[in-house]
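Visitor: Taken from TrEMBL, the feature active site, proton donor/acceptor covers Cys88, Cys198. Look at TrEMBL and you will find Asp25, Ser26, Tyr57, Gly58, Asn89, Thr90, Thr199, His200 tagged as substrate binding site.
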Amino acid sequence: MGSTAESRSSKRNTSEADRPIGVFDSGIGGLTAVRELRRVLPAEDIIYLGDTARVPYGTKSEETIKRFAEQDVDFLRRFDIKLIVVACNTVSSVAIEHLRAKYRDLPILGVLEPGVEEACRTAESGRIGVIGTIATIESRRHVREIKKRGDFQVLCRPCPLFVPLAEEGLVTGQIPELVAHMYLDELRGKVDSLILGCTHYPLLTETISRVMGPGVKLINVSHEVARKAREYLGEKGFLREKGRGNLRVYLTDIPPHYEELIYRFLGEKPESVEKVELEF
Ligand code: DGL
């Protein structure tokens, strides 16, 4: 979190409270985090940026992910936001330290730490599983963050095919279950908490849960980051408490069937959806 925001008064500050929250992701999947933010913080205005022209980030290099993430933040900063939520697990794993160092005046909350905290809190046997994109898993950031918090055993597995399955709406039945077995059989029986470290995976909860078995707690990082955002805004006195906030969605490309896709992840229709050109 940035130092300027931290030094502000902790009493409720109306003008601060009225500023929007900025959320970004590599695409539309990050709307799973917005869905949770809208549930937990219904009065907040939210500006969402989905970099649909360049999705996926999870198969790209660290250098490229950092560059894209900077451009995403630069876009959101134009809206005088009070907090940035990085809904993308890949950016949260690979580029968050870089963003925090570059934008020191801006509080930046990623999905990784809240998810890790919850996993460490609930992993009774001390064995935690992490699934995510290739870039997320290869960054090893979950492992480092979990080990900082105690003597845990961590098993990681990239599950790249879950992303197109979720986008297709193919989330239950034979095909996703087969794919889930291919990825998850090696974790089954070996972990008691599993971090769903990708925006798309909450849509596959039913299938993942069936394959992992009933004793395994699935951690929805979108839920955890929303809780953390409320905690942070409350502590700073920046919470907006009355009314219904609006949601404006900006996309770098408007894909076919975008309304259906948005609804799949968000569960509602946003006030507006606009195409935006980032300065690449
Ligand atoms: N939003 C990405 C994530 O949470 C998944 C899609 C991508 O690879 O860009 O990691």
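Sequential numbering from 1, following the chain as shown.
Note that Cβ sites are derived from N, Cα and C of the backbone, with glycine treated the same way.
Caution: TrEMBL annotation is automatic and unverified by curators.
Keep in mind the model is a prediction, meaning the values are calculated, not measured.
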Visitor: To the nearest whole angstrom, state the Cα distance for the pair Thr90 (substrate binding site) and Cys198 (active site, proton donor/acceptor).
Guide: 7
Visitor: Considering the binding-site residues Ser26, Asn89, Thr90, Thr199, which residue's Cβ sits among the greatest number of other Cβ atoms within 10 Å?
Guide: Asn89
Visitor: Using the alpha carbons only, what distance in Å do you get between Asp25 (substrate binding site) and Cys88 (active site, proton donor/acceptor) once rounded?
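Guide: For Asp25 (substrate binding site) versus Cys88 (active site, proton donor/acceptor), the Cα atoms are 5 Å apart.
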Visitor: My understanding is the cutoff is Cβ-Cβ under 8 Å with a sequence separation of 6 or more in the same chain; which residues meet that for Cys198 (active site, proton donor/acceptor)?
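Guide: Same-chain residues close to Cys198 (active site, proton donor/acceptor) (Cβ under 8 Å, separated by 6 or more) are Gly29, Gly58, Asn89, Thr90, Ile131, Gly132, Thr133, Thr136, Cys159, Phe162, Val163.
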Visitor: Under a three-state reduction of DSSP output, how is Thr90 (substrate binding site) classified: helix, strand, or coil?
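Guide: Its secondary structure by DSSP: helix.
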